[in-house]
Amino acid sequence: MTLVRCIPRFPPCAVPAVVLKSLATGSGVGEKAQKNRPRAPVRQAGRQARKRSESELSGNSAKREDLAQVLRAAKRIVAFTGAGISTESGIPDFRSPGGIWTKMKPIQFQDFVNSEEKRRESWIRAFQGRAGWTGREPNAGHYALERLWRAGRLSSIITQNVDNLHQHSGVPAERVIELHGNASYATCLSCGLRHEIEDLRPAFETRGDLPACRDCAGIVKTATISFGQSMPEEPMRRAEEETLSCDLFLVLGSSLTVWPAAGFPLQARRAGARLVIVNRDPTDLDDYADLILRDEIGPALSEAIPANFPG
């Protein structure tokens, strides 16, 4: 059974322990795709790396040099980004104390589809949220990844973010794999037609009209993945393909608690890639990492990926 086949059964949620275990041990996950890849002693190496990392938490300068060396040695890097890279641009995250979901209850996908009241509430949040994002720009972390791509080392960015900042930094849109969609536009749930969100605002704010598709009159929703909504199959397929072909999997600003996205670092590790985690707080997958940095992403990447980073 491959990860892609699990998509309809696993909307964004906490990682099931049984799945985490199966990914770590290799039982039934991606066997066909990985049968010719070298297998690393994941648990042992990860524990040793974690002990080493935790003993050096006060020495971020040395650890940034370790990161630079790992990056220079890699030929095909996949970056996996979460909310932590965008909080440095002033965009709030969802799950941490004070995050968006601590202030308001998320709207389930089926509730959005079945309830006009929930759709109206969702669009009020969407328009208000865009006001909070106005003027937000890519930060040093985003631009460091763009330099890594320009140097020919970064194969792709797999992101849980919906803010479009990787594309704004200069990374080609086709190299950014958005697992949870994109909040900068909306789509029709019936025919898939794209709608620009600002085109929908006037009728909603002046007449209270709920956004409807201009072609088929279907329900229009921001192009993000809601709780209870199936993960998009094509981005998940591409993400798995990139994960299994990289030699370095670089986690940036993710707590690694949301399934199925959290399965990718483990898949990469099992397939023989090195795993590096840069995050301010511990993650559920620290035991499997070769290198851990408790650091701000922008400063850490700026130091590890300077303007003259070798191609």
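The backbone N, Cα and C atoms fix where each Cβ goes, and this holds for glycine too.
Taken verbatim from TrEMBL:
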REGION    28-61  region 'Disordered'
DOMAIN    57-311  domain 'Deacetylase sirtuin-type'
ACT_SITE  His180  active site, proton acceptor
BINDING   Cys188, Cys191, Cys213, Cys216  Zn(2+) binding site
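Other residues of the same chain near the Zn(2+) site, with their Cβ within 8 Å of the Cβ centroid of Cys188, Cys191, Cys213, Cys216, are Leu189, Ser190, Gly192, Leu193, Arg214, Asp215, Ala217, Gly218, Val220.
The CA atom of Cys191 (Zn(2+) binding site) is located 19 Å away from the CA atom of His180 (active site, proton acceptor).
Cα of the residue listed as 'active site, proton acceptor' to Cα of Cys216 (Zn(2+) binding site): a distance of 25 Å. Averaged over the domain 'Deacetylase sirtuin-type' (57-311), the predicted model has a pLDDT of 92.
Cβ-based neighbour count (10 Å, all protein chains) for the residue listed as 'active site, proton acceptor' stands at 22. Cys216 (Zn(2+) binding site) falls within neither a helix nor a strand when secondary structure is assigned with DSSP, and so counts as coil. Listed binding-site residues: Cys213, Cys216. The one with the lowest count of other Cβ atoms within 10 Å of its Cβ is Cys216. DSSP assigns the residue listed as 'active site, proton acceptor' to coil, not to a helix or a strand. Sequence-distant contacts of Cys188 (Zn(2+) binding site), defined by Cβ-Cβ distance under 8 angstroms and a gap of at least six in the same chain, are His195, Cys213, Asp215, Cys216, Gly218, Ile219, Val220.
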